[in-house]
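Enquirer: The structure's right below; bear with me while I get my questions together.
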Amino acid sequence: MAAKIAGEEWKNMTEQRGPYEEVARKNTEKYMQEMEAYKQTKDDMNLKKEEEEKMKLQKQEALQLLKKKEKTENIYLLLLTVFVICYANFGAFLVAKRLLYNVQKTKEQSQKQQHQNVDPNKPASSFLLFRNQEKLMQERPGINNSTLTAMISVKWKELNEEERQIWNSRAAEAMEAYKKELCVGGGGTANL
């Protein structure tokens with residue numbers, strides 16, 4: 001009832017409406033500015049989140065590259081040391097060559113014996129089963145393997161307990177099949 005009376009009074013006002021309309025216009029402008037600032041802040045937050053995810057991937061890739069580089073440097077230093085030792089004493093080089101030949105011969109004989117009594121391959125872990133999904137590999141075609149592994153590792157860490165349990169149960173089933181195959185194949189002496 002009060003709104004109806006106020007509405008009729010507003011219609012009858014002509015000159016007195018000016019200050020109220022000015023306040024309403026200013027409030028509308030202020031609201032539009034605040035809304036624009038809010039949208040900009042939201043866009044900035046989304047951009048920042050994307051950049052943080054990209055940084056995580058780059059950090060993981062960098063760590064993988066660093067590990068590869070360390071391995072390569074260690075092999076290089078080992079080869080350089082062997083070369084220096086062999087060059088300094090040619091007799092030692094001949095002995096080292098003979099030892100290497102004997103090691104290779106022993107390794108070949110060992111491999112021949114192993115092929116006679118072959119055990120089945122150990123099953124993949126839950127993470128490896130998760131990694132080998134075709135869906136994950138097709139999400140980003142054309143990226144290199146280390147980037148793909150880094151992305152999959154991040155997704156694995158983000159899985160909740162129920163989703164991880166699915167992969168753990170698949171790995172457990174594969175392990176049971178592996179154990180049965182070991183027992184049937186006569187390779188029961190292998191460590192389980």
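The backbone N, Cα and C atoms fix where each Cβ goes, and this holds for glycine too.
A TrEMBL annotation is a machine prediction, not a hand-curated record.
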Enquirer: Suppose you had to name the range TrEMBL annotates as DNA-binding region; which of 1-39, 40-78 would you pick?
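Expert: It is 1-39 that TrEMBL describes as DNA-binding region.
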Enquirer: For a three-state summary based on DSSP, what are the helix, strand and coil counts in the DNA-binding region (120-182)?
Expert: 48 helix, 0 strand, 15 coil
Enquirer: Same-chain Cβ contacts of the coiled coil (28-72) under 8 Å, 6 or more residues past its ends?
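Expert: Result: 146-147, 149-151, 153-154.
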